[in-house]
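Undergrad: Grabbed the feature section from TrEMBL, which reads as follows:
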COMPBIAS  818-827  compositional bias 'Acidic residues'
COMPBIAS  852-872  compositional bias 'Acidic residues'
DOMAIN    391-571  domain 'COPA/B second beta-propeller'
DOMAIN    802-1208  domain 'Coatomer alpha subunit C-terminal'
REPEAT    5-46  repeat 'WD'
REPEAT    148-189  repeat 'WD'
REPEAT    190-231  repeat 'WD'
REPEAT    232-273  repeat 'WD'
REPEAT    274-315  repeat 'WD'
REPEAT    343-384  repeat 'WD'
Amino acid sequence: MLTKFETKSNRVKGLTFHPKRPWILASLHSGVIQLWDYRMGTLIDRFDEHEGPVRGVHFHNSQPLFVSGVIIYLKKRDATRIGSRSLYSTETESLSSPQPSICVLRLSHRRFSGNATDLHREALIDRFFSPIRGESPYFSLANMLTKFETKSNRVKGLTFHPKRPWILASLHSGVIQLWDYRMGTLIDRFDEHEGPVRGVHFHNSQPLFVSGGDDYKIKVWNHKTHRCLFTLLGHLDYIRTVQFHHENPWIVSASDDQTIRIWNWQSRTCISVLTGHNHYVMCASFHPKEDLVVSASLDQTVRVWDIGSLKKKTVSPADDLMRFTQMNSDLFGGVDAIVKYVLEGHDRGVNWASFHPTLPLIVSGADDRQVKLWRMNGNSIPEVSLSLSLSDVVQDAKRGTGGSAVFIARNRFAVLEKSTSQVLVKNLKNEVVKKSSLPIPTDAIFYAGTGNLLCRSEDKVVIFDLQQRLVLGELQTPFVRYVVWSNDMESVALLSKHTIIIATKKLVLQCTLHETIRVKSGAWDDNGVFIYTTLNHIKYCLPNGDSGIIRTLDVPIYITKVSGNTIFCLDRDGKNRAITINATEYIFKLALLRKRYDHVMGMIKNSQLCGQAMIAYLQQKGFPEVALHFVEDERVRFNLALESGNISVAVASATEINEKEQWYRLGVEALRQGNAGIVEFAYQQTKNFERLSFLYLITGKLDKLSKLMKIAEVKNNVMGQFHNALYLGDVKERVKILENAGHLPLAYITASVHGLKDVAERLATELGENVPSLPEGKTPSLLMPPFPVMCGGDWPLLRVMKGIFEGGLESAARGGAVDEEEEEDAGGDWGDALDMVDVDGMENRDIDAILEEAERGEDENDEEGGWEELEGLDLPPELDTPKASANARSSVFVTPTQGMPVSHIWSQKSSLAAEQAAAGSFDTAMRLLNRQLGIKNFAPLKSMFIDLFSGSQSYLRAFSSSPVVSLAIERGWSESSSPNVRGPPSLVYDFSQQEEKLKSGYKATTSGKLTEALRLFLSILHTIPLVVVESRSEVDEVKELVTIVKEYVLGLKMELKRRETKDDPVRQQELAAYFTHCNLQLPHLRLALFSAMGVCYKSKNLATAYTFAKRLLETNPMESQAKTARQIVQAAERNMTDTTELNYDFRNPFVICGSTYVPIYRGQKDVSCPYCTARFVPSQQGNICGVCDLAVIGADASGLVCSPSQVR
């Protein structure tokens, strides 16, 4: 380092060398521009027309001008005119236009006293050097020459044209303006960038300029043709500066993605990536003569890069294209450029660095209020050889400590102070603007939108509004490691070690995912789907909690961004990777979830979606009709058709399969839908004559019933023949059947009762003396079948709307609604894909056909000729199986979908284990308890689950012949409640019951009934996971009750253990001593101290007994207890010794292990029960808690959820 200048301004924002003179211009955060002679170490002049930070200065390479931010100075002593244009004098009016401006000023000998123009705080000025002709060495007065105004709120970058009197200005609005500063006119504008443009630069010889902006794009323009020639893509964050090389067809760019890239603008490729900085790279520029690049970064370093090897390889476009694939094989550490120097000396981020145009010097300026001058000398850069002070007063940087910090606005950030649980809001000067206390003990803060913080504690997170000091949301979670917000800030993903929680911006829980393998990273895609990685998979999570695997990984990756079908990520070697994924599956599921059925239809037509997993998902989500379009297997199609009620497809599939089971199931579904024709056809295929008989009876088809009776006669089916005769009311046939079967007494009784005297007399003769007697005093009546309400055809049902994929979607795909005639004529794309059978007016096989088949079968099997031919029956010919028609589904009647049971509604709406158990969803309740409290032993809860389910249901008996009717009992029901809104289930356990149990437990403890007291306290611990309260205050009371009961259970178990241990006096004393350290009510603490005092005194441990006696006296006990304690104190004071050594040190704070009953002193490692919070030695991890007997020690759990207010 050659020279060091210090300034009272808190930051140096810009620097530039004079191309020939030993001058440096320094622009400061205070608004002052200083001109220094770095050889003499003297301040030449200062310019203070700005009213705020001046972020950049630059000498013109050929004209006697320099520019500062948006103000340009003319470096001539006596100039009063440029060309023929008049100039402003020092007495000119103040320029206070609210619009940003670009100004050219002239210089004279007098001190400047004019007013300042508008400040442009974030103007980022492009700087470059070239020698110019000598000018007068000193100047001090600047008068404005020209002012340009623009509607953009900020000017971000400026550059002079090397030959013409032009200025190129890049604006915050994304527009680039070309001005003539002599004429003061706007020549042209270029507006293809999407966002602020931070850097621009003219080419030395070509009619080109380059620009880089916040849209991550570098654009090369031709200002003659007024258009953008091409765009260079590669940077992943804001681009700060761009510059053409003076000789080669190269562009260097610096970006907030911490890289510097060198591009060949002829081949339009990136030829090198310079990595090494670990913070934003604020600038990068080529050396005017040598093969060097200098860069400055907020990581407090300036780096000089040697690009000589890059130049030696090639600069031709063809060669560049050939080497593009092998360029920078290791992205983080290219081989074409190496770091030659790393200049470390600044204490804050470096904003700018520049080469001297002719001398081996580098100047740098940083936020530490220092300008440093470095000399390049071979392979080393020496330290300071000359130190100059810019000011007598130098302020130290304000520094502070904090647990974590996060920006909450553009110029405000929050710092967490863990010790006080406060957050300090600071400005960019590190000055405290505001203090605010946080609502919970917080160990980390995260960004949650402008002015909001997401505060993390061990078991929950809250969103805190710093302005209103309000808690906007709260959520119980495992320990959160990372927070990932969606692009629209409407959703947030909270990542813990093995859990992903998706919530809204108000921390309303949407879903929770548990992974057995550690979650590595995650990001939201443009559709609102969360993409995350584990050790070996890339997975997705939909807003409703559905998840799946996108692809398998060979090595872990860390996602940085998801864009379309591309995942940008880092691997473990720090290499940047782009992975292409197939997003069709989760986009399809998302469209189903959001009911975007037009998208679903398009994806079905154009995508290769298949697989059993997709079919199972569609069935699970209630879209079996969609799943029909993914399968060709007839058995699967048949099952899906039945599930979706598509009877036409079911008939087609059953015909192809032609098995008895499928025909039977088809008949059941057709009967449910009321389609008698399909029912008859299915029964005919299976030759289920009994069901056919009953079907003909209830539909009034008596002629077919008669033919069935003949079939039974042909087949010698006596019971079938008799049943058909009974259904028909044909008494003569019944008598005939009984007589032929040899049941003459029954035939006689039937004929006598029904008045067939001739037949009865004949049968009586045959019976002789065995004629049965008929009951006297009874009046017989003819048993006739009932008259059917509907004779033939389908019975009336409600017409059901077409499915979402069976009509409405087709018209939407065609671009709008269609009238009814067109819809009936059009088969649609769906009809072609499904082999449907027309079920309307379907003609079934006639019974005669079955009868003839039966006769032929008998003929073939009977050598004697069998029965005689049936003639004169006038039977119609056999008909074929019904055919399909195009409008098969247009007029089908199907039954409406059965309503959802109340228990299912409860199960879907609730996230509380008690309500899931009351709904009968025991598996869901157990999963919730395992996830929330780590419970694994559910045996103590079995009876409570059954009680909850039984208590939420009542049963009403309607008729003696009908089953009982189940009625749901809702909690908080009233007559004014809406009949369409289901309330939560009524629960048999409530918090008040537990409070009563607590009082009973206290009473039993006081009376010495320790076993009964332990039973009561354990009952409370087992019941609390199944208790529901309403308010947040009650939730706190429940948690407090768990802590109270845990102490009593632990203490009583130790006391009962002590009473069982009669042969080990040392262990007895230890257990008695530990009992006194449980958090008990004062009366019970006195009893524990009195007991421990007595046990130790009997064992001659007088010193230990003395400590218990003193503690007992401090509690103001009863007189009898106090008297005994005083006596022990007196005895111990005479001989303060212990005969045996105990594992007990009352001076060292400790907790008791709930399983081994040994002390765990402060500083020792321990594990805890996720439910009752009892502490254990590490060796007990993974065992069932010895206190609550429910949870697994050391298990990960989100915490007790016992109120709807916790999950809203």
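Cβ coordinates come from backbone N, Cα and C, glycine included.
Because TrEMBL annotations are produced automatically, they should be read as predictions rather than curated entries.
Describe the structural context of these features.
TA: DSSP places the residues of the repeat 'WD' (5-46) in helix, strand and coil in these numbers: 0 helix, 24 strand, 18 coil.
Look at the repeat 'WD' (148-189): DSSP puts its residues at 0 helix, 24 strand, 18 coil.
Beyond the repeat 'WD' (190-231), the same-chain residues lying 6 or more positions past its ends with a Cβ under 8 Å from any Cβ of the stretch are 124, 126, 128, 154, 156-162, 166, 168-176, 178, 237-244, 246, 251, 253, 255, 263, 265, 268.
Helix, strand and coil counts from DSSP across the repeat 'WD' (274-315) read 6 helix, 20 strand, 16 coil.
Mean model confidence of the repeat 'WD' (343-384) amounts to 83 (pLDDT, 0 to 100 scale).
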Undergrad: Within the repeat 'WD' (232-273), count helix residues (DSSP H, G, I), strand residues (E, B) and coil residues, in that order.
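TA: For the repeat 'WD' (232-273), the helix, strand and coil counts are 0 helix, 25 strand, 17 coil.
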Undergrad: By a Cβ-Cβ criterion of under 8 Å, what residues six or more beyond either terminus of the repeat 'WD' (274-315) are in contact with it?
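TA: For the repeat 'WD' (274-315), the far contacts come to 127-130, 237, 240-241, 243, 245-246, 248-250, 252-256, 258-262, 264, 323, 331-344, 346-355, 357-358, 362, 364, 366, 374, 376.
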Undergrad: For the repeat 'WD' (343-384), how many residues does DSSP put in helix, in strand and in coil?
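TA: Its residues fall into 0 helix, 22 strand, 20 coil.
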Undergrad: Run through the repeat 'WD' (190-231) and tell me, per DSSP, how many residues are helix, strand and coil.
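TA: Taking each residue of the repeat 'WD' (190-231) in turn, the totals are 0 helix, 24 strand, 18 coil.
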